Amino acid sequence: MDTAPPAVHTLMEIRKYCPEVFDRLEVWVDGGIKRGTDVVKALCLGARCVGIGRAPLFGLGAGGVEGVERVLEILSTETQTAMRLLGVEKVEDLGMQHINARAVEQQIYDGPAGLHALDLLVKPKL
């Protein structure tokens, strides 16, 4: 019970099995975000907000307030650099076209696409 799938995998599963979620809800992710490129990947996959709690905590432990500020500066710079390399100026312009998700797609659940068809799951109306 001490593990969970990475946020990127969960985003891919939502996109595969219930894509309408992204049109009707704000999807926020947290967990496994270590670099600015991780932030950009999550945003490309449809997340509206990306939690970065662990990195600042490491900065706090290593250097106090200055450590947190430095971690946030690094994450910001990495995120901006990744977006520039993609040719994107605004977060709103990020999308699936900016990432190659093949490696992640091979790692996500690939069972029946319609669990509700098996009477195992009732899909809530959004």
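Positions of Cβ are set from backbone N, Cα and C atoms, glycine also.
Automated prediction, rather than curation, is the source of TrEMBL annotations.
Going by TrEMBL, these are the annotated features:
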DOMAIN    1-104  domain 'FMN hydroxy acid dehydrogenase'
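For the domain 'FMN hydroxy acid dehydrogenase' (1-104), the model's average pLDDT works out to 92. Residues of the domain 'FMN hydroxy acid dehydrogenase' (1-104) grouped by DSSP class, helix first, strand second and coil last, total 66 helix, 6 strand, 32 coil.
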